[in-house]
Amino acid sequence: MRKWRIEDSEELYNITGWGTSYFSINDAGHVVVTPRRDGVTVDLKELVDELQLRDVASPMLLRFPDILDNRIEKMSSCFKQAAEEYGYKAENFIIYPIKVNQMRPVVEEIISHGKKFNLGLEAGSKPELHAVIAVNTDSDSLIVCNGYKDESYIELALLAQKMGKRIFLVVEKMNELKLIAKMAKQLNVQPNIGIRIKLASSGSGKWEESGGDASKFGLTSSELLEALDFMESKGLKDCLKLIHFHIGSQVTKIRRIKTALREASQFYVQLHSMGFNVEFVDIGGGLGVDYDGTRSSNSEGSVNYSIQEYVNDSISTLVDVSDKNGIPHPNIITESGRALTAHHSVLIFEVLETATLPEWDDEEEIAPDAHELVQELYSIWDSLNQNKMLEAWHDAQQIREEALDLFSHGIVDLKTRAQIERLYWSITREINQIAGGLKHAPDEFRGLSKLLADKYFCNFSLFQSLPDSWAIDQIFPIMPIQRLDEKPERSATLQDITCDSDGKIANFISTRNVAHYLPVHSLKKTEPYYLAVFLVGAYQEILGDMHNLFGDTNAVHVSVNEKGYNIEQIIDGETVAEVLDYVQYNPKKLVRTLETWVTKSVKEGKISLEEGKEFLSNYRSGLYGYTYLE
C-alpha cells in the first residue's frame, strides 16, 4: 500500500473545494492561510505554537483582516467586470449589514478598506444605528436603515442626514412611513425614503422562508400602492429614492435569485411609469458561501454559482429591463455580509481526550466457566465472515439484548456484562469493515460507522463559538491543522466541554453526502492535537451564548506582509469573573463570602491556616482566569 500523501488529505477534507484559494496544505502537512493574492502564507500550526509561547491558550479565534480586504476587492472587481460587459451606466454600492458580525475591529477594517469601493453600512436596529453613525465617518458612503423603527430611531437618522450623512430609511411597515413623514416635517428635512417590497419569489436553502409571501418584512403590492398615495398626498413623492427586497440568506440556487431579480425589476419599471423616480435598487443579501465546497444546489451548505455569476445576473437583469423601458439604470446596492466575512475567521481548539467503544482483545480467551451468552457471542465473533455477517449481526443483537435484560434483573453480573459489551462491539466493528468493502451492503449496516465513531473531547463550547451548528445544523469545514501528511486512522464525533448532551458535532462535510464522523489521527502524548473550524466569520461570534458560563474565546488579529505574518492584536477571552458579572454575581462579594467561610473553617479546625490560604489563592486565580480549560 502506498504512503499517504498530502493530496490525499486535500481530497479527504475537500479543502480545495471550500478553501477558495485562502486555505491549503503545505509540505509539512500543516494547514496554511493565504490571505492575499501575493501568495504570502501563514502556517496555522506554527502560528498556534507561537501564540502558546505568548500564553494565548486555545480555544482561540484567528481573524485575518487581509481576507476581509480581499473579499471586498473580489466583489468590487466582479461588479466592474459585469458593468463593462453589460454596459451598466450607474453605480454599485456594497453595503455591509453589521448584524453579520458587529465586532468593532471587523467593522472598522471593512470601513477602512472599503472607502475606495463605495462600501457603506446597514443597520437593522436602534443599537446598530448608533454604532453605524459613529464609526462610518465617510460622508459619501451610504447608510441603509432596515428593521423596525420608532420615533427616536427615525429622528436620529434624519438628524444625521441633515448633518450630511447619506442615510436611507427603508420602510418595513406602513406605520413607519407615517412616522417618517411626521418627524421629517418637524425637523424640516427631506428624507431619503426606501420601501421594502414583499416579493412572491423566495430563496432556497435554510432561510427560504425569509422571502416570499410568508416573509416577516416588506409591503405587499396593495400596501405599496397605499404608501405611494400617502407620499404623494404629503408631498414626499420625490423622497422615494430606493426599493429593497430580500429573499433570504445563503440562497443555494442561482435560478431563485434570477426569478426574484426579474420580479423586482418590474417594480422599478412600474414606479418610474407612475412618476416615482427611484434611483437605487437594493437587492439585499442572499449571496451564499460554499461551506462544503461541492458547488451544489442540493446542499444547504453550498451554492451552485460564483460571485461573478451572481453579479452578472443582477446587473444584466436591471440593465435589460431599464433599456427596454427607456429609463435610467438604477444604482445597485448589495447587502452581502456573509460572503464578505465568513472566510476571515478560523476557530482553533485542542482535543483533550478521546473515548472509544470497548473491544475484545484478540489474545483473550473465554474461561470454561464463562456465562453461556458470552460463549455464544464469542463463537459468533470467532467464526464471522462475509457469508454469515447478516445472520451474525441479528444473533449478536439478540444476545446483547438478552444479556442486558438479565443484568437488569440481577441474574448476570457486571463482569459478564462487560464481556458481552466488548464482544458485541468487536463484532460490530468487523461487520462494518466487511460491509465497507461491498458494493451493495445490507441497509441495516448503513449506520454502523456513525455508531462506532470515537468521541473526541475538545476544549471549546459549541454554544459560544458555533451556535449555528447547534441551532440550525449548519455544517462548517473542520479538519486537523497538522499531521496531514499522515493517514487519519480514526473516525470521531466532536464533543465540547459544556455539561450538555447537545454540545457535540456529528455532521461533517463530505464530497458525497453529509458524513457523520470526522477522519482524525490518534492522539500523541508528546504533542497537542489541534482541530480548526473554518468559515466562521459570519454570525457565529455575535450569536454565541454563555451556556455553562463559557465566555468569549481569545481572539487574535493576524496580518501578512512581504516578510511573513504579523500578530497585530491579541484580545483576551473573558474571565470567570467577567461572565459571573453578566449574570449578576459580584466577584468581590464572592471573594469576601469565601474569606468569611474559610476563616470560620480554620477556627473550627476543619482545615489548617495554610490550607485556607491555598484555597483562597486558587479561588482568586481561577476567578480571574480563562473560562476554558487551561
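Quick reminder: no glycine exception, Cβ is built from N, Cα and C everywhere.
Lifted from Swiss-Prot, the feature list:
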type	residues	note
MOD_RES	Lys99	N6-(pyridoxal phosphate)lysine
BINDING	Val281, Asp282, Ile283, Gly284, Gly285, Gly286, Leu287, Gly288, Val289, Asp290, Tyr291	substrate binding site
Three states by DSSP: which one describes Lys99 (N6-(pyridoxal phosphate)lysine)? helix
Using Cβ-Cβ distances, find the residues under 8 Å from Tyr291 (substrate binding site) that belong to the same chain and are at least 6 apart in sequence, listing them in sequence order. Trp18, Gly301, Ser302, Ala342, Gln474, Ile475, Phe476, Pro477, Ile509, Leu535
Pop the Cα-Cα gap between Gly285 (substrate binding site) and Lys99 (N6-(pyridoxal phosphate)lysine) into the table, whole Å please. 12
Val281 (substrate binding site) CB neighbourhood, other CB atoms within 10 A: 26
Cβ neighbours within the same chain of Val289 (substrate binding site) - under 8 Å, at least six residues apart: Gln250, Val303, Arg338, Ala339, Ala342, His343, Leu535, Ala538
Of Ile283, Leu287 (the binding-site residues), the residue whose Cβ has the fewest other Cβ atoms within 10 Å: Leu287
Through the lens of DSSP with three states only, how would you label Leu287 (substrate binding site)? coil
What are the sequence-distant neighbours of Gly285 (substrate binding site), meaning same chain, six or more residues apart, C-beta distance under 8 angstroms? Pro97, His246, Gly248, Ser249, Thr334, Glu335, Ser336, Gly337, Arg338
